[in-house]
Amino acid sequence: MHDCFLLCILVIGLETLTSKYGDTIEIPCNKGQLKETDVTLVKWKYEGGNILVKQMDQNATISPDVNYKNRVSIKKDFSLVITQVTMTDQRTFTCMVVEKDDILEYPVQVTIYKVPSQPQITNLTTAMAVGKPTMFQMIKEICILWYYISLYFRFLFLLITAIKINTNVDVDKETRLSTTTSTLEYTAVKEDIDAKFTCQVQHIKSANMDSSPLVFTVNYPTEKVDLQVVSQGPFKEGDNVTLKCTADGNPPPSSYSFYINGEKKTVDSNIYTLTNVTRENTGDYKCSLVDNEDIVASVPITVEYLDVVLSTTGKIVKKLGESLEVTVDVKASGAAQTSWKKGNAKLNSLSKFDKLTYSDSGMYECVVSMAGLKKTRTFELVVEGPPVIKNLIKERGEGMAKVLKCVAEGSPKPTVQWSVNGTSAESAYEHGKVTYSITIVPNGNLTVSCTASNVLGSDIKSIDVSALVEDVTMDKQDQKDEYSDQTPLAVGIVVGLMLAVVAIGLAYWLYMKKSRQGSWKTGEKEDGSVEESKKLEESQNQKADV
C-alpha cells in the first residue's frame, strides 16, 4: 500500500527540466532539499542503466556507461551535473536516496531543445518562366519535438498565384536531430519582376529567423515593341538618324527587323542608323520581331529642307535711273522667315527699284530661316553713271588764300583735274558723291576750271577768282542780287493789277451817277408803274454804290 502510494506520488509529481542543446544541465535531487545527515547513499540512474553512486564520506563512483562516464558529476546537494547535453539526454533521470529508515526515488523528466540555425534556400534556380512552375527548396536541421516548431514559407510580393508547398522530415538515428525539407512550387507571373522570396523559421525557444531575400529573374515572351528616334531633331538633309527598337520581353530579343523605305532589314542589334538623310527619307519607319512581324511599332521621321534661289546673284552693274527687280524663290518643308540687310543695316523688305540712284549701291544679304535651317544669299549692286559737277564754289582761306570746292557725282568714283596748281584735298566718296577742294593764292583775276571724269564720261565747270579779299563777299552778294532783281518785277505786277481794278470800279461809278442826274433835270419818266420805277431806281443806286 505504501509502495503504491509512493508510485502514484512520483507519477503525479513528475518534475520536468528543459535544457538547450550543447549546454550544461544541473538536475536536482528532491529539488535540492535533502539533508546530508539523513542520507546514507544516493544513486543516479535512468531506464536502462546506472550513472553514478555516492556514499556518505566517500567519493562518487561513476559507471562505465559510454554516454555519461566523461560528462557527469555530483554536487554536494546531490544534484547531477551533465555537460554538453545532446538529444540522447532527453529522458527521465531518477535520484534514488537511501536513508536510515527508508528508500526514496525522485524522477526528473529532462527535455532538450535545439534552436534552428539560419534558414537558407537551396537548389536555386536563376530564372522563372511566366506560366511554368518553378521549385525552391529550404533544408534545415531542427529538433524532433515538432509540436514546438512551425516551419513555413513567407513570400513578399504583390500578387500571389498558384502555390504548392511540400514538407519532408528526416530524423538522424544517432543524433536524433531532424532535417526538414520544405519545397515550394510557384508559378510566376509577369508582375513578379523584382519580387523578393523569403523563407522563415519559427521556434518556441527563439525569435523568428528569415533567410536572405532572393530576387529571381522572371522570363516572359515579348508582347510589345517600341521604336524610338535616338538622335535629337529636327533633322536636316545630310544628318544621321539613329533608330532604337526595344521589346518588353525578358530576355529581350537579340535581333530585330527594321523596315526602311518599305524594305525589310534584319540586324543582330536593336539599333539602326540612317546616314546622310535627304528629303526623300521623310516617312514612317517600323521595327518588329524577327519571328513575329505582327508585333510591330512605327515612328514618323521628317527631314527638313530649305531651298533658296535668288534671281540676282554676284555683282550686278546698273546705270543711273534704270529699274531693277529682285525676287526670292523659297521651297521649304515648313514655314520660312525671310529677312534682308544692306551692309549692316536691316531692311524691312526689298521692293522693286523703279529708278536707281547711287545710294542704292551696296552689298545686299537675304537670310531665309526655318526649323534650325538657315540659308544666306547675297548680291552686290553697283549703280554707274558719268560724272556731273553739282556745284563749284569759292571760300575765303587764311590770309589771301582762296579755297575752291568742286562737288562731283558719278560712279565709278570721278577724278578731278584743276586748271591751276594748289594744295588739293578730297572728302569721302559716299552715295556716288565726292567733294574735291584746292587752296590757291591768286596774284590777279583768273578763271579756274574743274574737270570731273570717269570711264563713262566727264564734266567741266569754271569759276572766276580775284586776288581781292572782298571777292568772295561780292560773289555771294551777286548770287543774292540775282534773286532780288526778280522781286520788284513780281511786286510791280501785283500792284498794277490792283490799280487796274480800282480804276475800272471808279469809272463805272461816275457813269452811273451822271446818268441819274440827267433824268431828274428833264422830268422825264419811263413807262411803267410807280412800283417798277422805284425798283429801277433802287437797282441803280446799288450799282452806284458799288
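Placed from the backbone N, Cα and C atoms, the Cβ positions cover glycine too.
These figures come from a predicted structure and were not determined experimentally.
What TrEMBL records for this protein:
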COMPBIAS  522-546  compositional bias 'Basic and acidic residues'
DOMAIN    22-111  domain 'Ig-like'
DOMAIN    213-302  domain 'Ig-like'
DOMAIN    386-466  domain 'Ig-like'
REGION    516-546  region 'Disordered'
SIGNAL    1-22  signal peptide
TRANSMEM  489-511  transmembrane segment
Practice problem: Just give the helix, strand and coil counts over the domain 'Ig-like' (22-111), going by DSSP. | Solution: 9 helix, 43 strand, 38 coil
Exercise. Using DSSP, break the domain 'Ig-like' (386-466) down into helix, strand and coil residues and give each count.
Key: 0 helix, 56 strand, 25 coil
Quiz item: Between 0 and 100, where does the mean pLDDT of the domain 'Ig-like' (213-302) sit?
Solution: 92
Quiz item: Can you count helix, strand and coil residues in the domain 'Ig-like' (213-302) using DSSP?
Solution: 3 helix, 48 strand, 39 coil
